[in-house]
Amino acid sequence: MSDFISDFWSNYVIAATVLSILGCAILLWLTGRKRVVADADNTTGHVWDGDLREANNPLPLWWVGLFVITIVFAVGYLVFFPGLGGTQGRLGWSAAGAYQAEVQKANAELAPVYARFAQAPVEQVAGDPAAHAIGERLFMNNCAQCHGSDARGSKGFPNLTDKDWLHGGTPEKIIETITLGRVGTMPPMAAAVGSADDVKNVANYVLSLSGSPHDSVRAGLGKPRFAVCAACHGADGSGNQALGAPRLNDNIWLHGYGEAAIVAMINNGKQNVMPAQQDRLTEAQIRVLAAYVWGLSNVPATTASAKP
Ligand code: HEC
Ligand code: HEC
């Protein structure tokens, strides 16, 4: 398997490897071919600077043998394992394959641990302390880099601990989000809105929806222009989870607060991607994760862990 678009680098590596091995073999052969006939005192007869003599100490045979063995080993290795550019070894071994096998083995070993969470409703799994611990660890390893270790997110990455959902906060929706990922797309809207002044007016109208500080004259002028936004954000700005269009009439801002941030949003639009996890996590892991996430903003229908 190769990630390159042509065979060039593969062939380059093959050539470099084969030439190196051949080079070593030829060097070994050349140096071994020339036998020096030593004098009685075991020197080659060369003398420099009056008394500096060259002793005849060829490599011991076992040492030469080691060189031969390394060459034979290299050739054998390259036959059985991938090493010659992009070629597969005869054993079919690959690092990616070995990793996959390990993951599968670990998943199989863990299956019984997850089995008890597979049947119960997500709301109930969320109340299970063991599931919570597993969910938290999965979250730290797979989600925290974007959503923060406290799951409160940051600019562009939604807070998962509040009740404000872009795509829906039911267990089913959360599972869907994690499994398939999401793409939130807001197109650049400046052209549809009008002049730069119109954009500013609409931005002030958006601010007025949440009772944020705004210029009320501008907001009044912007109100009719908000019609082009209503298709996604709703006439009253209450958002649309089917489109991932956020609620604009609350004080939760994914992409920054204030006139400048909203003007930038209208002018540039935004594409925001939550990566799909179905190839990285098992269905059971996603279920436990969804329970963990759901539990962050809901009181779980708890069982075992609840105080009496
Ligand atoms: C590469 C960054 C990244 C990673 C990793 C990531 N997310 Fe997200 N996630 C996002 C972004 C960005 C969004 C918002 C998508 C949008 O704007 O529509 C999002 C949205 C979500 C939502 C929907 C929130 C809502 O309001 O509807 C959930 C739930 C979620 N992520 C859970 C998770 C979980 C659980 C993991 C770990 C398996 C995870 N995410 C990993 C970036 C990430
Ligand atoms: C095609 C649907 C669509 C239209 C039309 C649209 N939006 Fe959006 N808007 C979105 C989506 C989807 C997002 C969320 C992007 C993301 O996932 O990060 C968004 C995000 C935003 C945000 C950021 C909210 C936050 O919490 O930070 C603002 C502000 C906004 N839109 C204002 C507008 C205004 C004003 C208009 C009209 C000029 C408009 N939108 C038109 C879909 C739309």
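In case you wondered, yes, glycine gets a Cβ from its N, Cα and C as well.
Now, the feature entries from TrEMBL:
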TRANSMEM  12-30  transmembrane segment
TRANSMEM  61-81  transmembrane segment
DOMAIN    130-210  domain 'Cytochrome c'
BINDING   C143, C146, H147, M274  heme c 1 binding site
BINDING   M186, C229, C232, H233  heme c 2 binding site
DOMAIN    217-297  domain 'Cytochrome c'
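The domain 'Cytochrome c' (217-297) scores a mean pLDDT of 95 in the predicted structure. Summarising the heme c 2 site geometry, the residues cited as binding it (M186, C229, C232, H233) extend over a maximum Cα to Cα distance of 10 Å. Per-class residue totals from DSSP over the domain 'Cytochrome c' (217-297), listed helix then strand then coil: 42 helix, 7 strand, 32 coil.
Listed in sequence order, the residues of the same chain lying 6 or more apart from C232 (heme c 2 binding site) and placing their CB within less than 8 Å of its CB are M186, N240, L243, A245.
Counting only same-chain residues at least 6 apart in sequence, those with a Cβ under 8 Å from the Cβ of H233 (heme c 2 binding site) are G239, N240, A245, P246, R247, L248.
When the alpha carbons of C146 (heme c 1 binding site) and C229 (heme c 2 binding site) are compared, the span between them is 28 angstrom. In the three-state DSSP scheme, M186 (heme c 2 binding site) is classed as strand. Of all Cβ atoms in the protein chains displayed, 20 besides its own lie within 10 Å of the Cβ of M186 (heme c 2 binding site). Reduced to three states, the DSSP call for C146 (heme c 1 binding site) is helix.
For ligand 1, the nearby binding-site residues are C143, C146; that is, of C143, C146, C229, these have a C-beta under 6 Å from one of its atoms. Checked against ligand 2, the binding-site residues C143, H147, M186, C229, C232, M274 give M186, C229, C232 as the ones with a Cβ under 6 Å from it, listed in sequence order. The C-beta environment of H147 (heme c 1 binding site), restricted to residues of the same chain at least 6 apart in sequence and closer than 8 Å, consists of F139, G153, F157, P158, N159, L160.
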